[in-house]
Amino acid sequence: MSPLATDDDDDYPGVPGGQDGGYYRGDSQAANDDEGGHSDSTEGHDEDDEIYEGEYQGIPRDGSGKAVDGLAGVGSPTGRDGQNFRDMAQFEGERRKDQEELAQQYESILQECGHGKFQWTLYFVLGLALMADGVEIFVVGFVLPSAEKDMCLSEESKGMLGLIVYLGMMVGAFVWGGLADRIGRRQSLLICLSINSVFSFFSSFVQGYSTFLFCRLLSGVGIGGSIPIVFSYYSEFLAQEKRGEHLSWLCMFWMIGGIYASAMAWAIIPHYGWSFQMGSAYQFHSWRVFVLVCAFPSVAAIASLTTMPESPRFYLENGKHDEGWMILKQVHDTNMRAKGHPEKVFSVTTIKTVKQMDELVDMGGDISTLRRYKLKLTSLFQQVNAVELNLFIFLLCFSTSYYGLTVWFPDMIKYIQKQEYASRTKVFTKERVEHVTFNFTLENQVHRQGQYFNDKFINLKMKSMVFEDSVFEECYFEDITSSRSFFRNCTFIATLFYNTDLFQNRIINSKLINSTFLHNKEGCLLDFTDDNNAYMIYFVSFLGTLAVLPGNIVSALLMDKIGRLRMLAGSSVISCVSCFFLSFGSTESGMIALLCLFGGISIASWNALDVLTVELYPSDKRTTAFGFLNALCKLAAVLGISIFQSFVGITKAVPILFAAGALAAGSFLALKLPETRGQVLQ
């Protein structure tokens, strides 16, 4: 009889040889008795003695006297004469049966381990990794207004920089999701976080646009694996009744990452004094300090993760039973000590073995390497093809609408701000100014057909200044810094420009007669016209991220009570209805309120989707499927951002109708997905 004292004991009999591929205490003892010897673990005991409860007896490896059923002839002469490959359908059937038995036993083991200190420690460690993902989404959007001037970016370059992170995360989700099912959750997460932190660090120092773009791409590739790995990793330490709730609580860290990025941008980027430069070749402005600070959550996650073990479920699915047992015992003992019950002993001594896919492709030297890898790749694509079409379409609909709207909101706020700023522009016509010295900031003015004679413009900033069809005669410009300021169709006669940036693209279609430029300012200068607007964008992002807090709390409290599908479909329907209120957002404050409303409602759908995806797929395919679906989300994000941005300042009707229609279709498809509440983790 199995030492695991549960109501399901009959499902896991401890009869020697009774479970194919599973080694129980009776197996080891019988083998030792037949050989007339004793193992170290049983030395000093008589046959009828009670073995100490919780003492692990070890699991015999291949070649210990028990052949794997159906594989005895593989690779042997007899096996080659008969057949090189065992029947794939039979193998998969036996493997699924083993996995189902392991799933039931694993759930019982987690119940015995309890939920306590170990899970909460892992919660905060994995939360840092999820926080790093949240930070990554916001970094480029916050630095783009400064970086575009620092690197002289064109509109096409700015657009590519804004999308490159999503493209990198799309690749990373697929790659790291698949790898985590092969080499382990912990190891894959450490690798992807290391790549993210290294290239985030490099991106804060590189000067050229191409190298910055490359670093942000690889940074996105690294962090792309965090979501599929983190949720799969954490779910494999959670018992059935705690899973939905605690996975939803874990989503809080994505919100914390957004708040962290907004607060750091608000505190750092507008402080242009936090910078230094080495000539005109190397500049390190405050936005680069912000990029550096945003790498801290990833670094902290790496340091914390090194103290945590691998997922025991991964070990058990891959035949490493000793390692899996030791980790489960660690979970049990940690929780029992924290609860004041150190005397409680981990009673499990044997765990079901699952046949390995590698047994199918390890067939000896007569099988070509190409054919072996072909079989492995075929298995990988079978994992991807198992994803339901309904889930595919739902993700496309929901992700396109969500990411499109979350980018459309800030762009609309910027557009409203620009419209308001333009409405305050002062216009001067046919003015004549002589022998005047300007040494103060000139801002938001338009001067047409003016005449300026022997005037001096010294040590000042020009913000959004436009001079059209004007004449400057014997004027002197010294130490001028300009932003969005232009001279169009003007005439300069005997005028000197010293240490200014008023050249090339600042002076358009103008005549220069006996005029001289000396010591022009070199390099790209920061755009300082939007200092206040920058604060507003950071504040808006902060509010929008904070607004998801109620949705996170509600979804966490109700996820295990009403089920994943009701949460997913209900949140999608309410998000769809909220889209129709967007037509009333004609002011800045109105758009901010609608942004917070939409974010707070839609977050429940994301939480339900994360929990559903984790529970929908078996352990050996979980991160592969999750990574594929997350990559699909990022592809939809690129599509949604491109569509919605094209309508900023043109019309509201198209984005609203598009988002509402996509969310309505997604809500309908969500009801066709299977409910996973109350099921063991397959």
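Cβ atoms here come from the backbone N, Cα and C positions, even for glycine.
Feature annotations, courtesy of TrEMBL:
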- 1-12: compositional bias 'Acidic residues' (COMPBIAS)
- 1-84: region 'Disordered' (REGION)
- 15-24: compositional bias 'Gly residues' (COMPBIAS)
- 35-44: compositional bias 'Basic and acidic residues' (COMPBIAS)
- 120-147: transmembrane segment (TRANSMEM)
- 122-677: domain 'Major facilitator superfamily (MFS) profile' (DOMAIN)
- 159-177: transmembrane segment (TRANSMEM)
- 189-210: transmembrane segment (TRANSMEM)
- 216-235: transmembrane segment (TRANSMEM)
- 247-269: transmembrane segment (TRANSMEM)
- 289-308: transmembrane segment (TRANSMEM)
- 384-405: transmembrane segment (TRANSMEM)
- 535-558: transmembrane segment (TRANSMEM)
- 565-585: transmembrane segment (TRANSMEM)
- 591-613: transmembrane segment (TRANSMEM)
- 625-647: transmembrane segment (TRANSMEM)
- 653-671: transmembrane segment (TRANSMEM)
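Listed as Cβ neighbours of the transmembrane segment (159-177) (distance under 8 Å, sequence separation of 6 or more from its ends, same chain) are residues 136-137, 139-141, 144, 147, 153, 188-189, 191-192, 209, 212-213, 216-225, 227-229, 403, 623-628, 630-631, 633-635, 637-638, 641-642. Fewer than three CB pairs closer than 8 A are found between the transmembrane segment (189-210) and the transmembrane segment (565-585), and contact between the two stretches is not assigned (pairs 6 or more residues apart). For the transmembrane segment (216-235), the most Cβ-contacting stretch among 120-147, 247-269, 289-308, 625-647, 653-671 is 120-147 (pairs under 8 Å). Residues 121-122, 124-126, 128-129, 131-132, 135-136, 139, 142-143, 186, 189-190, 193-194, 196-197, 200-201, 203-204, 223, 257, 260-261, 264-265, 268-269, 274-275 of the same chain lie 6 or more positions beyond the ends of the transmembrane segment (289-308) yet place their CB under 8 Å from a CB of it. For the transmembrane segment (120-147), the neighbouring stretch richest in Cβ pairs under 8 Å, chosen from 247-269, 565-585, 625-647, 653-671, is 247-269. Here the transmembrane segment (653-671) has long-range neighbours at 390-391, 393-394, 397-398, 400-401, 404-405, 408, 565, 568-569, 572-573, 575-576, 579-580, 582-583, 643-644, 647, meaning same-chain residues at least 6 beyond its ends whose C-beta is under 8 angstroms from one of its own. Mean pLDDT of the predicted structure over the domain 'Major facilitator superfamily (MFS) profile' (122-677): 82.
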